[in-house]
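Have a look at the structure below before the remarks.
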Amino acid sequence: MMERTIETATKQYPLLLGDGAARALPRLLRSLACPPGTKLFIITDDAVAPLYLDEVRAMLAAAEYDVYAYIIPSGEAAKSFDNYYACQTAALQCSLDRRSVIIALGGGVVGDLAGFVAATYMRGIRYIQMPTTLLAHDSAVGGKVAINHPLGKNMIGAFHQPEAVVYDTTFLRTLPERELRSGFAEVIKHALIRDRRFYEWLRAEVKTLADLRGEALTYCIEKGIDIKASIVREDEKETSVRAHLNFGHTLGHALESELGYGTLTHGEAVAIGMLFAVFVSERLYGHSFAEHRFAEWFARYGFPVSLPTTVEADRLLEKMKGDKKAYAGTVRMVLLREIGDVEVVELEDDKLLAWLDEFAKQGGGR
């Protein structure tokens, strides 16, 4: 098991990563001044609960903690105000106090929702991220927590850093292929925005999703977390370079909102968004990434590589203008100058509409 420290401008917290990391949770809690008898409130979903909730709850109860749990539906649609309110109600019914700790046991949806509950319950209590998906290697680090709104993804939220991240990689063994693929999109994103050598390693070593196991999977998680942590250390509140982590997310979030949360996985939407960002980058900077055959590469893993035929460019543009990076209704996208080098660029509506239409006609800019 690997232990390291995540640093931000306002906080440091431990990351435990590896097979069996969950077993260190009681020791970790004691080190965080959470003695036996502290109330722990586990938020998980109905996909993870049958697999791991009893195991984690029993381990904590054996360490003499007062353990409660609340189960939400699985899927992106669960990041709703109704589920947020229900979690708050359950926390109040369990009489959580300001010394209590919320544990987010699940993927990115659970982590985002549970973190936002923690950020706002009694004006903020502590929480621990326990990711069970590959996607959550990105969302569990950095302290961005939120719920969705029909008009936009992650629009209601906060910056609230966890007390710790406990990433037991044995949890990934039960991950469905589609969810593994979804998480791998964020791995690819980290390589493209910050690390050309990692990108080249991915191209050479992860030919298919079947290669994403064992040491290769752990390496992907470590590299992704290292890249994310270095950016968060430099820009915790997303005033500058942290926006680079939104590569592929401007169109990706628009697709998720327009199609209905859960129609595409987050990673599937981001994959299409990254291909579009490359497509726009080629036209804006006047150079070609054709030799990289990005669409062909993405398709090899089973990602969708073109816009769904049911979406309209003008509707997507309106969603993109509601993105958190936008200023005064002007879309700002993270674009690729070269592998490992990105920048945020303002784009005019008419150009974006034309490029969306062209991208759709070309089937993902192949």
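For all residues, glycine too, the Cβ spot is worked out from N, Cα and C.
Note that the structure is predicted; figures quoted are calculated from it, not measured.
The NAD(+) binding site annotation in Swiss-Prot covers 74-79, 108-112, 132-133, K144, K153, 171-174 and rests on sequence analysis. Within its own chain, T174 (NAD(+) binding site) has L51 as residues 6 or more apart in sequence whose C-beta sits under 8 angstroms from its own.
Secondary structure at E186 (Zn(2+) binding site), as computed by DSSP, is helix. Sequence-distant neighbours of E186 (Zn(2+) binding site) (same chain, 6+ residues apart, CB-CB distance under 8 A): L134, L135, H137, D138, G224, G267, V270. Summarising the annotation, Swiss-Prot assigns Zn(2+) binding site to E186, H249, H266.
Rounded to a whole number, the distance between the Cα atoms of G111 (NAD(+) binding site) and H249 (Zn(2+) binding site) is 18 Å.
Here the Cα atom of G108 (NAD(+) binding site) is found 9 Å from that of H266 (Zn(2+) binding site). With respect to Cβ neighbours within 10 Å, the binding-site residues S74, T133 differ, and S74 shows the lowest count. Within the same chain, residues at least six positions away from A77 (NAD(+) binding site) with a Cβ under 8 Å of its Cβ are G260, Y261, G262. For the pair formed by H266 (Zn(2+) binding site) and T133 (NAD(+) binding site), distance between Cα atoms is given as 12 Å, rounded to the nearest Å.
In this structure, G111 (NAD(+) binding site) is part of a helix by DSSP. A 10 Å cutoff on Cβ-Cβ distances gives G108 (NAD(+) binding site) a total of 28 other Cβ atoms nearby, all chains included.
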